[in-house]
Amino acid sequence: MINKKRLLLSTVSIMVISGWNQASAAVESQDSLVVTASRFKQPISSILAPYTVVTRDEIDRWQSNSVADILRRLPGVDIARHGGIGQLSSLFIRGTHASHVLVLMDGIRLNQAGISGSSDLSQIPVSLVQKIEYIRGPRSAVYGSDAIGGVINIITTREKLGTSLNVGIGSHGYQTYDGATQQTLAENTVLTAAANYTYTKGYDVVADGNTGGFRQPDRDGFMSKMLWLGVDQKFNEQVSGFVRAYGYNNRTSYDADINWSYPYARPDTRELYSRHYDMGVRFNQGIYSSQLITSYSHTKDYNFDPQYGRYDKSASLNDSEQYNLQWGNTFQLYQGIVSTGVDFQKQSIEAGTSYIPKSKTVRNTGMYLTAQQQLKDFILEGAIRSDKHSEAGWNTTWQASLGWEFIKDYRLIASYGTAFKAPTLSQMYGFGGNHDLKPEESKQWEGGIEGVTGQLTWRMTVYRNEIEQLIDYANSRYYNIGKAKIKGVEWTGLIDTGMFQHQLTIQYIDPRNSETNEILVRRAKQQVKYQLDWQLYDFDWGLTYQYLGRRYDKDFSTSPAKRVKLGGVSFWDLTVSYPVTSYLTIRARIANLLDKDYETVYGYRIPGREYYLTGSYNF
C-alpha cells in the first residue's frame with residue numbers, strides 16, 4: 001500500500017517487461033498491477049487515489065450472483081435496487097448521481113450510458129466478470145465525460161489456462177449453468193471461450209404499490225444467456241494482439257409502468273440484446289510501449305406488454321450503436337512514466353430511442369496526457385485532457401495529486417481534480433429536450449493519510465465535491481439549474497488476526513442540494529461494511545455485515561411526488577465452501593441471514609433470506 005524507495009522505477013521495469021495493456025487482463029503478478037487509474041500498468045501501491053481491485057477468486061468466495069452484489073461491498077459505493085436479480089440498479093459513488101459514474105468494459109465505456117445518462121449494472125451477467133478495478137474520485141482528466149464520482153472497469157478476459165464448469169441453484173427458482181475454457185492452440189496462441197445461462201422466477205418486487213405504477217401481484221423474474229470468445233496472439237517479443245466477441249440476451253419481468261399514450265397496454269417486460277466486438281495490437285520495446293484498440297457494440301433494449309409483443313406501437317425500443325478507437329502510448333521518463341493518447345467515439349441511435357423522433361449521431365474526440373514521477377519521498381501525479389463533443393463543444397479537465405511518505409510506512413496525500421458530464425441524447429433531443437444544454441461540471445478536493453500500523457493496513461480520506469450546472473427537468477423542459485455540494489469521510493482497514501482476515505469500511509457522506517439544502521435522494525449518509533474470512537478444517541468461511549443508514553426518496557404515487565424517509569438497516573450474509581477434491585468445490589450461501597425487510601428504493605422490496613448452493617469443477 002505504501003510507496004517504497006524506487007517504487008516508480010520498479011513500476012517502469014514491470015511495465016517494460018509486461019507491456020502496457022489497457023483492455024487486457026493479462027496474468028498479474030503478486031504486486032497487483034492495474035491499468036485503470038492512469039491508463040498505464042502500475043502497482044496499486046503507487047496510486048494516490050483510493051483504489052480497489054476485486055478478483056474472480058473473491059467473487060467466487062463471496063458467491064455473488066449479480067454485479068450489484070459485488071459492488072455494494074466496496075468503499076464509497078451505495079446501490080439503490082428496484083428488487084432482486086435483473087431489476088434496475090442505480091450506482092452512487094461518494095454521493096454523486098448514478099450518471100456521474102463512468103462504467104467501462106475492458107477499458108471501453110458502456111454503450112447505453114450516452115442515451116440514458118447512466119449504466120444499468122443489473123443487466124451485466126456476473127459470469128462475464130473476471131476482475132473489477134475501481135477508483136474513487138474525479139477521473140475526467142483521464143477518461144473524459146461521466147467520471148465525476150469515480151470509475152468502474154469491468155474486465156472480462158480470463159487469466160488461467162484450463163476448463164471450469166459451474167452449476168448453481170437457489171431460492172426463487174434460481175439456477176445457473178456456466179462453462180469456460182482457455183487453451184493453448186499453438187506456442188503463441190491462446191483461445192478462450194465461455195458460456196452461461198442464468199434463470200430465476202423471482203418474486204413480487206413491489207411492496208405496497210407506492211410507485212406510481214400498476215400493482216401486479218406476480219413474480220418478477222429474470223433470464224440471461226451469455227457467450228464469450230477470444231483469441232490472444234503473440235507475434236514476436238515486441239508485438240502481440242487480440243480479438244474477442246461477446247454478447248448476452250436478457251429478459252426481465254417487472255411491475256407495469258403507466259403508458260399514457262396507449263392505456264390499453266401494461267409494459268412489464270424488458271428484453272435486452274447486447275453485442276460487443278473488439279480487437280487490438282500491442283507493441284513494447286525498451287522504454288516505449290503502445291496499444292491500438294478498435295471496438296463496435298450494438299444494443300437493442302425493448303420494453304413491452306407480452307400480450308401485444310415487442311413490435312406493437314405501445315412498445316418502446318432503445319437501439320444504439322457505438323464505435324470506439326483508442327490509441328495509447330507510454331514512455332519511461334526520468335523516475336516515472338508519461339502516458340498520452342487519443343480516444344474517438346461515435347454513437348448512433350435509431351429514431352424512437354428514448355422518445356427521440358429522429359435518428360441521431362454524436363461524436364467525441366479526446367486527447368489526454370498523464371504523468372507520474374517519484375522524487376525521493378514524494379510522488380507527483382497529474383493529468384490533463386481536452387474533449388471535443390459534437391454537441392457540447394470543447395471541455396478541458398485536469399487533476400493533480402501529491403503523496404509524501406513523511407515517515408516509513410506512512411503517507412500523506414492531497415489532490416484536486418475537475419470533471420464534467422456531457423448532456424445525454426435524451427436530454428437534448430427527447431421529450432422536453434434542450435439542445436442548448438451545457439455540460440455538468442465538478443471540482444473536488446481530497447486529503448488523506450494511509451499507513452501500516454503493526455498488522456493493520458489502513459487509509460482515511462476526506463473529500464469535498466462541488467457540482468454545478470446540474471441538468472434538471474422543470475416546466476416540461478431540461479435546464480442547467482441544479483447545484484450540489486458533497487462532503488464525506490471514509491476509513492478502510494485490513495488486518496489478519498490468527499486464522500481470521502478482517503476488512504472494514506466506515507463512511508459518512510453529506511450530499512446536499514445546494515439550492516434547497518435537502519439531502520440528495522437514495523443516498524445513505526452512514527455506512528459500515530465488514531468482511532470476515534477464515535478457514536477451519538478445510539472449510540472456507542465468510543461472514544459479511546453491512547449497515548445502511550436512513551435515506552430519502554420520493555413517493556411517485558402522489559402528484560407532485562412527496563419526499564419520504566427510508567429507515568436504516570443492518571444485514572448479514574454467510575458463505576462456506578469445501579474442496580471435495582482438488583477439482584471439485586462445493587459452495588453454499590445464505591443471503592440476508594436474519595431475513596431483514598427493507599427498501600433502498602421506495603416501494604420496491606429487497607429479497608428476504610435466500611439460500612444458494614453451487615458446485616464448481618475445474619480441470
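Any Cβ shown, glycine's included, is placed from N, Cα and C.
Taken verbatim from Swiss-Prot:
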type: SIGNAL; residues: 1-25; note: signal peptide
type: MOTIF; residues: 31-38; note: motif 'TonB box'
type: DOMAIN; residues: 43-157; note: domain 'TBDR plug'
type: BINDING; residues: Leu88, Ser90, Ile115, Ser116, Ala256, Ser316, Arg522; note: cyanocob(III)alamin binding site
type: TRANSMEM; residues: 163-170; note: transmembrane segment
type: BINDING; residues: Asp204, Gln216, Asp218, Asp220, Asp255; note: Ca(2+) 1 binding site
type: TRANSMEM; residues: 270-284; note: transmembrane segment
type: TRANSMEM; residues: 286-303; note: transmembrane segment
type: TRANSMEM; residues: 335-344; note: transmembrane segment
type: TRANSMEM; residues: 360-376; note: transmembrane segment
type: TRANSMEM; residues: 392-407; note: transmembrane segment
type: TRANSMEM; residues: 410-424; note: transmembrane segment
type: TRANSMEM; residues: 441-450; note: transmembrane segment
type: TRANSMEM; residues: 478-495; note: transmembrane segment
type: TRANSMEM; residues: 540-556; note: transmembrane segment
type: TRANSMEM; residues: 563-577; note: transmembrane segment
type: TRANSMEM; residues: 590-601; note: transmembrane segment
type: MOTIF; residues: 602-619; note: motif 'TonB C-terminal box'
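Helix, strand and coil residue tallies for the motif 'TonB C-terminal box' (602-619), in that order: 0 helix, 10 strand, 8 coil [DSSP]. Note on the transmembrane segment (441-450): residues 1-2, 49-50, 96, 100, 137-138, 148, 410-420, 458-469 of its chain, located 6 or more positions outside it, place their CB under 8 angstroms from a CB of the stretch. Sequence-distant residue pairs (6 or more apart) of the transmembrane segment (540-556) and the transmembrane segment (563-577) include at least 3 whose Cβ atoms are under 8 Å, placing the two stretches in contact.
Within 8 Å of the centroid defined by the CB atoms of Asp204, Gln216, Asp218, Asp220, Asp255, the record's Ca(2+) 1 site, lie the Cβ atoms of Val205, Val206, Pro217, Arg219, Ser253, Tyr254, Asp268, excluding the listed residues themselves. Taking the Cα atom of each, Asp255 (Ca(2+) 1 binding site) and Arg522 (cyanocob(III)alamin binding site) are about 20 angstrom apart. Taking the Cα atom of each, Asp204 (Ca(2+) 1 binding site) and Ala256 (cyanocob(III)alamin binding site) are about 12 angstrom apart. Secondary structure counts, DSSP: the domain 'TBDR plug' (43-157) has 32 helix, 35 strand, 48 coil. Its own atom aside, the Cβ of Ser316 (cyanocob(III)alamin binding site) has 17 Cβ atoms within 10 angstroms in the protein chains shown.
Packing around Arg522 (cyanocob(III)alamin binding site) is summarised by its Cβ count: 21 other Cβ atoms lie within 10 angstroms of its Cβ, all protein chains included.
The Cβ of Asp218 (Ca(2+) 1 binding site) lies under 8 Å from the Cβ of Asp204, Ser253, each of which sits 6+ residues away along the same chain. The binding-site residues in question are Asp204, Asp220, Asp255, and the one with the fewest Cβ neighbours inside 10 Å is Asp204. Here the Cα atom of Leu88 (cyanocob(III)alamin binding site) is found 12 Å from that of Asp220 (Ca(2+) 1 binding site).
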